[in-house]
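Asks: Under the heading compositional bias 'Basic and acidic residues', TrEMBL lists 43-80. Taken from TrEMBL, the feature domain 'HIT-type' applies to 9-42. If you look up TrEMBL, you'll see 43-89 marked as region 'Disordered'.
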Amino acid sequence: MCPRAAQTCEICKKVVSKYKCPSCLVPYCSLACFKIHKETPCAKPSSTEEKPASPAKEEVPVERPVHVEEANDVVEKTENKASAASPAKEIPVARPIHVEEEKYVLEKTQLEAIASSSEIREALKDEALQKLICNIDSSSNPVQELDEAMGLEAFREFTDKILSNISKSK
């Protein structure tokens, strides 16, 4: 979690939140708090920043399961997935993902190639890269953050490693 993004759980108001509701972005700390939060319906807050800049492109939603798990469970499953010889379990994402064109959606084999790459896993141990990725992910304007990150050699090398793994898995 980004140090600047540390917030207290809005449900129990006792623990630092590790997650945000995929619908309304309310911070919460655990599955128990998430279940309490979901007892009442919520909706994603409307924002002018979230509207696409060009109305000509149609956004294609990509359906992904949305589950909430403890952070340690997710890390453990990811590590097991990368090291296991048996078929890997799917790891759900914490929020729905939308893309402009379906051709940009990665196949399961490509995602598995990225997750199991020792080269990528080693690169992700770099704290500066972790912070940069976290800043992009938590930004109100992630496209701009991503463009700025591409100006950094370390980030470009990291993305090249990902693209190389994707192309190998096709």
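Each residue, glycine too, has its Cβ placed from N, Cα and C.
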Asks: What counts of helix, strand and coil residues does DSSP assign across the domain 'HIT-type' (9-42)?
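Replies: Counting residues by DSSP class gives 7 helix, 5 strand, 22 coil.
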Asks: So what's the mean pLDDT when you look at the domain 'HIT-type' (9-42)?
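Replies: The average pLDDT of the model in the domain 'HIT-type' (9-42) works out to 87.
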